[in-house]
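What TrEMBL says about this one:
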| type | residues | note |
| --- | --- | --- |
| SIGNAL | 1-20 | signal peptide |
| DISULFID | Cys29-Cys44 | disulfide bond |
| DOMAIN | 58-206 | domain 'Cupin type-1' |
| BINDING | Asn103, His108, Glu113 | oxalate binding site |
| BINDING | His106, His108, Glu113, His152 | Mn(2+) binding site |
Amino acid sequence: MASPTPFLSIFLFFLITVSADPDMLQDLCVADLSSGIKVNGFPCKDAANVTSLDFFSQALANPGLTNNTFGALVTGANVMNLPGLNTLGVSLSRIDYAPGGLNPPHTHPRATEVVYVLEGTLDVGFLTTANKLISRSLKKGDVFAFPKGLVHFQKNNGDVPASVIAAFNSQLPGTQSLGATLFGSTPPVPDEILAQAFQTSSGTVKHIKTRFQPKK
């Protein structure tokens with residue numbers, strides 16, 4: 001058999017070694033969420049105190065309540081409530097959508113997302129850095145991938161509830177919802193910045209910001 005070309009060798013090396021999260025250096029490193037130590041991730045819990053509960057969760061077992069502004073709810077199973085995922089580089093979420101519900105445009109800065117449709121139908125899409133919309137209608141059993149860091153959304157245009165399981169290649173993928181990030185930040189983004197960016201008036205920006213204020 002011919003030896004692989006230098007380009008192929010470099011490509012395979014890159015494919016094998018590059019991942020969203022750093023590789024683990026031991027069998028397990030259950031997150032010690034109570035530690036005051038700040039590291040990239042979480043320090044390890046004493047192995048003598050590790051139990052099966054550190055690797056178990058029922059967070060995704062039941063549908064989430066969707067009686068909110070957007071008619072959708074994301075429920076995560078990540079390192080924050082499943083500490084055994086620390087250093088493993090994976091996590092899950094369940095997303096439930098009421099009829100007409102929307103998971104609004106957002107990004108995951110640390111992970112690629114793959115969704116599997118449990119029930120219902122969804123219209124989904126993501127935007128490339130060339131501003132091209134890649135979209136598709138999904139039904140029960142379908143799978144769709146959203147590349148790391150790209151803006152994406154899911155919308156239930158059906159008459160019945162829908163739900164998906166989402167998988168991520170990060171223990172804590174992070175989420176930035178565009179509307180809440182730009183119009184609901186603390187401290188706020190100056191009105192004139194947003195007005196110029198969106199080619200609108202400061203008055204319109206102020207009105208939009210009222211829609212993203214924390215509920216009292």
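Glycine too: its Cβ is placed from the backbone N, Cα and C atoms.
Remember, predicted model here, so these are calculated numbers, not experimental data.
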Spatially closest candidate among Cys29, Cys44, Glu113, the listed recorded positions, to His106 (Mn(2+) binding site) (Cα to Cα): Glu113
Sparsest Cβ surroundings (other CB atoms within 10 Å) among the disulfide-bonded residues Cys29, Cys44: Cys44
His152 (Mn(2+) binding site): tally of other CB atoms within 10 A of its CB: 22
Shell list (Mn(2+); ref centroid = CB of His106, His108, Glu113, His152; cutoff 8 A): Thr107, Phe126, Phe146, Leu150, Val151, Pro173, Thr175
Nearest-integer angstrom distance between the alpha carbons (Cα) of Asn103 (oxalate binding site) and His152 (Mn(2+) binding site): 9
For His108 (oxalate binding site), the one of Cys29, Cys44, His152 that lies nearest, given that the recorded positions are compared by Cα: His152
